[in-house]
Amino acid sequence: MRKGYMTVRSNKCIADHIYQMVLEGEIAEVCGAPGQFLHIKVSDSLTPLLRRPISIADINKAARQVTIIFRKDGEGTRLLSLKQEGDQLDVLGPLGNGFPAESLEQGKTALLVGGGIGVPPLYELSKQLTNRGVHAIHVLGFASAKDVFYEQEFSRFGRVYVATADGTRGSKGFVTDVIENEGLQFDCIMACGPTPMLKALKQRYPDKEVYLSMEERMGCGIGACFACVCHTEESETSYVKVCLDGPVFKAQEVLL
């Protein structure tokens, strides 16, 4: 983990309220595990006070750049959406434990399941898995056609299936419907998205190796404030800190 300034190289809207930002700086050189995140100070003032956790979508160490994708949903991300090329951002990262891309053997098949703003970290994951000789299948869920992003980008690494709640793009319904209707075969699931989606995957595939990236509100980002705790299967009183112990967990470790 490092703390430093990163320079905004580009910032553009790629879907409804969805922005893609490229950041350049030394922190990119120590990014590696897919699924980690950056903790970004969005303003030089005290408002908003807390940093914003944004997952890393793509890592380019040679260019010292990382790409983040975020949804404009609140004052913090609104301010972030206004950043221009050349602006400097105070960044802490990379933080958290990512997906174990190295755990899958060459020739195995990974099913990558993303929901909404949980889609971005799966892009770097898919890239790394493909480079290791692992086959990737992508199932991406969105509310509507206007919310869909990175469908074409993911197709570079394997098959892509899109589901929308209203049926305006791809299949109508949930990501779990696509998996069953298409009869997808896989060795492992790696997913990021809203809790109901993660819970459904955990319940439907108890015999599969399933890794889940949790979406929780965070305060400090380093495990000190206890704002992002998640209960575990071990007992009602045991918990993990999503920012420090996660955000990626084995499905059987966490209580959803």
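Note that the numbers count up from 1, one per residue, in the order the chain is shown.
For all residues, glycine too, the Cβ spot is worked out from N, Cα and C.
Taken from Swiss-Prot, the feature FAD binding site covers Arg52, Pro53, Ile54, Ser55, Ile69, Phe70, Arg71, Gly76, Thr77, and the record attributes it to sequence analysis. Feature annotation from Swiss-Prot assigns [2Fe-2S] cluster binding site to Cys220, Cys225, Cys228, Cys243. According to Swiss-Prot, the feature domain 'FAD-binding FR-type' maps to 1-101, an assignment based on sequence analysis.
On the structure: features taken from Swiss-Prot.
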residue	record	Cβ within 10 Å
Arg52	FAD binding site	21
Ile54	FAD binding site	27
Ile69	FAD binding site	22
Arg71	FAD binding site	17
Thr77	FAD binding site	20
Cys228	[2Fe-2S] cluster binding site	24
Cys243	[2Fe-2S] cluster binding site	27
List the Cα distance (Å, whole number) between Cys243 ([2Fe-2S] cluster binding site) and Ile69 (FAD binding site).
18
For Thr77 (FAD binding site), what is the secondary structure state per DSSP, taken as helix, strand or coil?
helix
Can you count helix, strand and coil residues in the domain 'FAD-binding FR-type' (1-101) using DSSP?
13 helix, 51 strand, 37 coil
In whole Å, note down how far the CA of Thr77 (FAD binding site) lies from the CA of Cys228 ([2Fe-2S] cluster binding site).
19
Largest C-alpha distance in Å for the FAD site residues Arg52, Pro53, Ile54, Ser55, Ile69, Phe70, Arg71, Gly76, Thr77, as a whole number, is 15
Other than Arg52, Pro53, Ile54, Ser55, Ile69, Phe70, Arg71, Gly76, Thr77, which residues of the same chain sit close to FAD? List them in sequence order, counting a residue when its Cβ is within 8 Å of the Cβ centroid of the site.
Ile40, Ile68, Leu80, Ile117
Using DSSP and three states only, what is Cys243 ([2Fe-2S] cluster binding site)?
helix
